[in-house]
Structures are given as structure tokens and as C-alpha cells.
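Enquirer: In case it helps, TrEMBL gives these features for our protein:
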| type | residues | note |
| --- | --- | --- |
| DOMAIN | 14-468 | domain 'Major facilitator superfamily (MFS) profile' |
| TRANSMEM | 61-85 | transmembrane segment |
| TRANSMEM | 92-111 | transmembrane segment |
| TRANSMEM | 117-140 | transmembrane segment |
| TRANSMEM | 152-169 | transmembrane segment |
| TRANSMEM | 189-206 | transmembrane segment |
| TRANSMEM | 316-337 | transmembrane segment |
| TRANSMEM | 344-364 | transmembrane segment |
| TRANSMEM | 376-402 | transmembrane segment |
| TRANSMEM | 414-434 | transmembrane segment |
| TRANSMEM | 446-464 | transmembrane segment |
């Protein structure tokens with residue numbers, strides 16, 4: 001195991017830098033949920049300070065605007081990234097969007113008294129985060145070896161929950177240790193500039209995706225990049241074979257069409273991919289996870305953890321459970337259970353927890369005048385923790401992994417961009433309606449999410465194809481793009497071409513050595 005990790009060390013290094021974008025996604029969403037619960041923020045921006053959770057309609061409206069405007073920016077950023085990713089490559093596009101994010105983060109940090117500036121800065125930061133969310137899964141999956149691709153690509157979710165959990169605990173820390181002043185909320189907002197800067201600097205030292213380079217006809221650069229990321233020589237048999245598979249798949253794509261056309265997107269195999277990606281990301285949002293993730297302090301206040309510090313502490317525990325569960329699942333679960341079973345079991349588990357939360361909240365609603373936390377509230381908090389265990393071992397990491405691996409090279413940037421844009425679109429819908437839903441229909445909100453979770457499991461059973469352990473090129477076979485016989489012939493021909501090139505290069509080097 002350690003030797004395999006060392007061999008893939010450059011893949012993990014690339015993943016750590018690229019997924020700073022995911023960490024920023026988690027941090028920027030998690031931090032505002034905590035900041036919105038601070039009285040210092042409410043005072044600075046003229047919000048009522050006497051109410052908790054979403055009991056006050058003005059607080060509910062401002063909260064939904066602050067959080068949902070980030071996701072609105074993310075939606076447009078993901079759409080723009082689809083074009084930039086394919087046109088300029090993975091690395092340069094990520095650098096561009098990291099700069100956009102840093103501008104938005106700086107504006108949020110400098111805002112004071114004007115909620116409109118917070119709104120605008122959230123949109124700008126969202127453009128950067130949305131673009132990064134569309135590109136990083138592609139960049140990582142195209143560099144990851146097949147046998148651990150699920151684990152490595154799934155780190156998208158792990159970095160995301162690390163970011164949000166750090167934000168949760170930081171929110172709790174400043175509420176407990178810092179005086180209630182402007183500095184109290186500004187410090188958590190400013191800290192996001194640090195990982196954004198690390199990402200921008202780190203990208204300077206990475207190499208471009210070998211599959212994107214091969215697609216652009218830059219074959220020698222692609223071979224060099226692949227050999228570097230695999231920690232092998234360019235003439236190593238494993239590198240030669242993988243290059244041959246990539247070349248064969250790309251040549252098959254070019255033979256099918258010159259460039260990407262909308263008509264080709266409607267062919268049966270590709271249509272299935274796009275529809276699956278769209279529906280999967282739709283269901284991920286309607287699982288209810290972001291309703292809890294974005295508004296965790298207010299949600300815990302809704303179920304009876306009424307004191308501000310207590311709700312922030314419960315939120316920090318919630319995030320920690322996500323980090324631990326996601327990490328364990330990526331190490332031992334995703335490449336063992338596979339994608340399909342994880343999604344099915346996870347959906348059933350989450351539905352059960354949501355139904356229980358809704359039922360307990362309906363039968364034993366919290367008493368705002370009570371000085372303590374009731375047994376019913378403790379039970380609901382436990383169910384929320386159990387819910388997130390199921391999510392973190394299924395619909396959290398798996399959709400991002402699946403989305404990054406099912407599309408062929410010529411469609412991957414557009415397919416992941418479509419999925420990311422879908423995720424952000426319905427993310428916006430969920431974050432916009434959650435405060436109002438809890439304010440108006442209370443426990444029924446959790447019942448609705450439970451029904452959605454059941455539907456997700458049915459979808460996974462009938463429509464998800466298993467992809468664990470397959471190379472990105474072999475996944476074409478299960479979607480019917482090419483037969484196994486044709487692919488074997490194409491790979492054999494490509495290996496012969498690569499070996500001939502290596503032989504010619506070695507012959508040219510011998511006379512130079514003699515001289």
C-alpha cells in the first residue's frame with residue numbers, strides 16, 4: 001500500500017492543489033451559515049438580533065439571498081468553464097477562475113454595512129467556485145490511474161467537507177472567543193483567501209492533462225505529462241500501453257465526428273450519459289443535504305438547539321462526522337462496493353433518517369421558551385448525524401466521481417460542465433427555498449426530502465451503470481460506443497505506432513552518443 005501511494009505521489013499532489021477549489025466551495029458555503037448566525041453580522045447589516053433560526057422572515061430572506069447568490073454565480077461559472085476548459089486546457093482555466101474567486105472573497109471581506117456589496121461579492125466568488133467545480137473533477141480523473149480513480153476523484157467531496165467543517169468550527173470559535181464586533185465575522189470571511197492563494201500558486205507548478213494534450217494533437221507533450229504523473233520513463237510499458245489506449249479512443253472519436261456537435265450528443269450512448277449526469281446531480285441537491293449544510297446552525301435551532309453557541313457546536317460536530325465518514329468511504333468503500341450499490345444503499349438510509357426527523361418534529365415540536373434541550377431535540381440531532389453518514393458514503397462523493405469518468409474525452413469538459421451547472425442550478429433552488437419552507441411548513445420539509453431520497457434509490461437501481469476499476473477508455477464499452485473487438489484492434493495498432501516511435505528515437509540517439 002505505501003509503495004502504491006508513493007508511486008502515485010504526483011497524482012495526490014495534483015489532486016491536493018486542484019481540490020483546493022473544492023475546499024473553497026465547502027468553506028465559502030459553510031462559513032456564511034455560521035456568520036449569518038452571529039449577532040455581530042446582524043448588527044452590522046441591520047438585521048433583527050433577537051430571533052434565532054428562521055423564525056424571523058427578514059432574517060430568512062437575507063439568509064437565503066446571501067447563500068443562494070453564491071450558487072447563482074456558480075451556475076454561470078460552471079457554464080463558462082465548459083468552453084474555457086476545452087479551449088485553453090484544465091490548468092490555465094483553473095488559474096483564471098481562482099483569480100476570479102480571490103476578487104470575490106476580497107470584496108466580501110471588505111464589505112461593511114452594505115448588504116448589497118455582500119450580494120455582489122458572493123456572485124463574483126460564485127463564478128470562480130462554479131468554474132473550479134466544473135474543471136477540477138475532469139483534471140483529476142484524467143490523471144488518476146483506474147484502480148484508485150474512485151478514491152482519488154472522490155477526494156473532491158472530502159476536501160469540500162473539510163472546508164465546510166473548518167468553517168463550522170471557526171464560526172463556533174469566534175462566537176465563543178471573540179468579542180461581538182465587526183472583526184468577529186470578518187476574520188472567518190477573510191480566511192478563505194489563504195487556500196485560494198495556495199491553489200493559484202500551486203497550479204503554476206503542475207502539468208497539463210495528458211488526455212487534453214493528446215486531444216489537441218500535442219502527442220509528445222502528452223506522453224511526457226503522463227510519464228511524469230505516473231513517475232515512470234516515457235518508454236515504460238505501462239506508459240506506452242496507456243498512451244496507446246488514449247490515442248485509440250481519441251482516434252475513434254475523431255473518426256466518428258470532427259469536433260463536438262449537438263447532433264452527436266443526442267446519439268443513444270451519449271444521450272444516456274448526459275441524461276444520467278443531469279438527473280444524478282439533480283437528485284444530489286434534492287436529497288436535502290445542502291439545506292442542512294448551508295443553514296446548519298439555523299436548522300439545529302429549528303429542531304430545538306436554541307442557544308447560538310450550542311447550535312454552532314452541533315454544526316461543528318455535524319461537519320466532523322462528514323469528514324470522517326467521507327474519508328473512510330473513499331479509503332475502503334467506493335472502489336470496493338462500487339458506484340451503483342453505494343448510491344442505492346445510501347438513498348435508502350437517508351430516506352429513513354429524513355422520515356424520522358419529520359415525524360419527531362411533527363409530534364414533539366421544540367418549545368422556544370424552554371431553557372434546555374428536550375429528548376426529542378436530541379433524537380432529531382442524532383438523526384441528522386446519521387443522515388449525513390449515509391450521504392457521505394454515497395450521494396456526496398459518488399456523483400462527482402461518476403460524472404468525471406463516464407464521458408469520452410471529447411465530451412468530458414462539456415459533460416462535467418453540464419453536471420456542475422445542473423448541481424449549481426438546483427443548489428440555488430434549494431438554498432433559496434429552504435429558509436422559507438422551514439419558516440412556513442416546518443416538519444413537512446423533511447418529509448418531502450425523504451420522498452426525494454427514496455426516488456433517488458429507484459433511479460440508481462434502474463439507470464446507473466457500474467464503472468469501478470475500468471479505465472476511462474474502457475468505460476466507452478459499457479455505453480456501447482465501440483465493441484471490445486474494435487477497441488482491442490485499435491489499441492494494438494496504437495501500441496505498434498508508439499513502439500515504432502520509441503525505436504526510431506533510440507536509433508537517433510545512438511549516433512549522437514557515438515559522436
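Using N, Cα and C of the backbone, Cβ positions are placed for all residues, glycine too.
Please treat TrEMBL annotations as automatic predictions, because they have not gone through curation.
Each of these features: where is it, how hidden is it, and who are its neighbours?
Expert: Mean pLDDT for the domain 'Major facilitator superfamily (MFS) profile' (14-468) in the predicted structure: 83.
Sequence-distant contacts of the transmembrane segment (61-85), counting only residues of its own chain at least 6 positions beyond either end whose CB sits under 8 Å from a CB of the stretch, comprise 25, 28-29, 32-33, 36, 45, 47, 54, 93, 96-97, 100, 104, 115, 118-119, 122-135, 138, 294-295, 298, 413-414, 416-418, 420-421, 423-425, 427-428, 431-436.
Counting only same-chain residues 6+ beyond the ends of the transmembrane segment (92-111), those with a CB under 8 A from a CB of the stretch are 18, 21, 24, 28, 73, 77, 81, 84-85, 117-118, 120-129, 131-132, 135-136, 139, 186, 189-190, 192-193, 196-197, 199-200, 203-204.
Within the chain carrying the transmembrane segment (344-364), a Cβ under 8 angstroms from the stretch's Cβ atoms is held by residues 287-288, 303, 337, 374, 376, 379-380, 383-384, 386-387, 389-391, 393-395, 398, 442-447, 449-451, 453-454, 456-457, 460-461, all 6 or more beyond its ends.
With a cut-off of 8 Å between Cβ atoms, the residues of this chain six or more beyond the transmembrane segment (376-402) that come close are 137, 141, 149-150, 153-154, 156-158, 161, 277, 280-281, 283-284, 287-289, 292, 299-300, 303-305, 314, 317-318, 321-322, 325-326, 328-330, 333-334, 339, 342-343, 345-347, 349-350, 353-354, 356-357, 360-361, 363-364, 366, 419, 423, 456, 464, 467.
Listed by sequence, the residues of this chain that lie at least six past the ends of the transmembrane segment (414-434) yet keep a Cβ under 8 A from its Cβ atoms are 64, 67-68, 71-72, 74-75, 77-79, 81-82, 85-86, 126, 130, 133-135, 137-138, 260, 273-274, 277-278, 280-282, 284-286, 288, 290-291, 294-295, 399, 403-404, 406-407, 445.
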Enquirer: Tell me, please, if the transmembrane segment (152-169) and the transmembrane segment (446-464) are in contact, taking contact as 3+ Cβ pairs under 8 Å between residues separated by 6 or more positions?
Expert: no
